[in-house]
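To start, the structure itself, in structure tokens.
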Amino acid sequence: MRLFVGLGNPGTKYQDNRHNIGFMVIDEIARRHGFSPWRRRFQGETSDGALDGERITLLKPLTYMNESGRAVQEAASFYKIGQGEVAVFHDEIELPPAKVRVKVGGGIAGHNGLRSISAHIGNDYLRVRLGVGHPGVKEMVHGHVLGDFAKSERPWVAALCEIAADNAGLIAKGKDASFANKVHLAMQAKGFLDEDKKKSGDNKVAK
């Protein structure tokens, strides 16, 4: 059994924010794989199903980003699972838009959702890092992640959510590198990883 956590902030005010791309991917997994209806528990919303024969619970913490760890800890405690069975899908400003990387453990790079989760369950969980680009200067990061995806960005966001959801069974099976590779190749094939498309809208990619 594995716990897939999507990070974001609750409410319509935030639903299209870059910070909410974790929610978006988790929602797409539930839709595309016929998971159960969402229900309120563990200080969030959960949906149950299976990916490639592996039992999965999806969790969207409704605590707001900075307290996401409380919901994750409650769910992990209920299911008696360790860090190794937790995968967290989150926005990553250090990656160009549409880029995906997967890693276990490591730093939190200033991400308050990851900071909260690490404080509650430890640091050695899987992170699925979903690139949303960097605004170019540190002072603009807050407004960037809490800003909505631009209209020009929506095609790659939709494609990334669909492709990540279609290949999520690889994460369920522990094939993290294969997941990242398949997502990269599929996004590249759709033309979303071309150099001239990495700089979505007026955003600059951090060097």
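Glycine is treated like the rest: Cβ placed from N, Cα and C.
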Listed in Swiss-Prot for the tRNA site shared with Tyr14, Tyr64, Asn66, one of Asn112, Asn123: Asn112
Under 8 Å by Cβ from His19 (active site, proton acceptor), counting only residues of that chain that are 6 or more apart: Leu7, Gly8, Asn9, Met65, Asp91, Val145, Leu146
